[in-house]
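Listed in TrEMBL for this protein:
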type	residues	note
ACT_SITE	CYS73	active site, proton donor
ACT_SITE	CYS197	active site, proton acceptor
BINDING	ASN13, ASN65, GLY74, ASN75, ASN169, GLU187, ARG188, GLY198, THR199	substrate binding site
Amino acid sequence: MEVNFYKYQGTGNDFVMIDNRDESFDVRDLDLVRKLCDRKFGVGSDGLIAIQLHPDYDFEMVYFNADGSQSMCGNGARCAVAFSAFLGIIEDKTHFLAIDGPHDAMLVGGQVELLMGDVKGIDQKLGDFFVNTGSPHHIRFVEKLDVYPVFAEGKSVRYDSGYAPAGTNVNFVQGLADDEVFVRTYERGVEDETLSCGTGVTAAAIVYGVQHNQNSVKINTLGGKLSVKFNSNPDGSFSKIWLTGPAEQVFSGKINI
Ligand SMILES: N[C@@H](CCC[C@H](N)C(=O)O)C(=O)O
């Protein structure tokens, strides 16, 4: 079969994007999703996003990890907003639906500002921290993150029995200043380190920001720079969480698969 696609990246987290307003792409065909994401036999990406029509929203983002599993994707959502603007579905503001609920977003000078879902709080887990930002994220603070064994340590925490059966994404965080961190992430569903993870850096920024009394944190990833700002609430929850960063179209094409 022939599939028309676009390829996007948000700080190096890369996605096959499908304009599925006509529902010609069967989102139940997980073998097809996996094949398209395969870096040797398909287009190659960390995930796949289908943009679909929804009666109550500008669009619905249907996200899959490269292995066909589903969760919320922050970088993918930023790319979905840029793609929807490219398709003419939205202008510079949008209200859309993702797997974790409704989101607002704005396109501002080449950056996409995305309102994340509220976060219930920060938990302690396996001697580190855990935050759910629409996807589950383990947060560990380390030194010398540039040479840290992210794949080996990430895989070990991801498959720890304390997170079974769903597993978790694992973020390693090094503080650079009171309001700046370097983050590397092992992603569940990709089963590898990715160059950036939007829900992961959001979780890292919240934990680090609370520790350093900041509500705005600059993020460095291997794939580029992001920023996160948030409100801390008296009950330990967090709201008005904005994730901001670039989202770019890389190429488009047709694949016979
Ligand atoms: N890359 C994403 C996170 C995608 C979901 C995650 N792998 C999971 O399964 O929990 C992001 O930018 O947030």
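Glycine is no exception: its Cβ is also placed from the backbone N, Cα and C atoms.
TrEMBL entries are annotated by machine, without manual review.
Feature annotations (TrEMBL) mapped to structure.
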residue : record                 : contacts (Cβ under 8 Å, 6+ apart)
ASN13   : substrate binding site : ASP46, GLY47, CYS73, ASN75, GLY76, THR194, LEU195, SER196, CYS197, GLY198, GLY223
GLY74   : substrate binding site : LEU114, MET116, THR133, GLY134, CYS197, GLY198, THR199, GLY200, VAL201, THR202, LEU243
ASN169  : substrate binding site : SER135, PRO136, HIS137, HIS138, ARG158, THR185, TYR186, GLU187, ARG188, CYS197, THR199, GLY200
**Asked** In DSSP terms, helix, strand or coil for CYS197 (active site, proton acceptor)?
**Response** coil
**Prompt:** Around the residue listed as 'active site, proton donor', how many other C-beta atoms are within 10 angstroms of its C-beta?
**Reply:** 30
**Request:** Look at the binding-site residues ARG188, THR199 and tell me which residue has the greatest number of other C-beta atoms within 10 angstroms of its C-beta.
**Result:** THR199
**Message:** Using a 10 Å radius around its CB, how many other CB atoms surround the residue listed as 'active site, proton acceptor'?
**Reply:** 36
**Request:** Would you list the other residues of this chain near substrate - those whose C-beta lies within 8 angstroms of the C-beta centroid of ASN13, ASN65, GLY74, ASN75, ASN169, GLU187, ARG188, GLY198, THR199 - in sequence order?
**Result:** ASP46, GLY47, SER71, CYS73, GLY76, SER135, THR185, VAL190, THR194, CYS197, GLY200
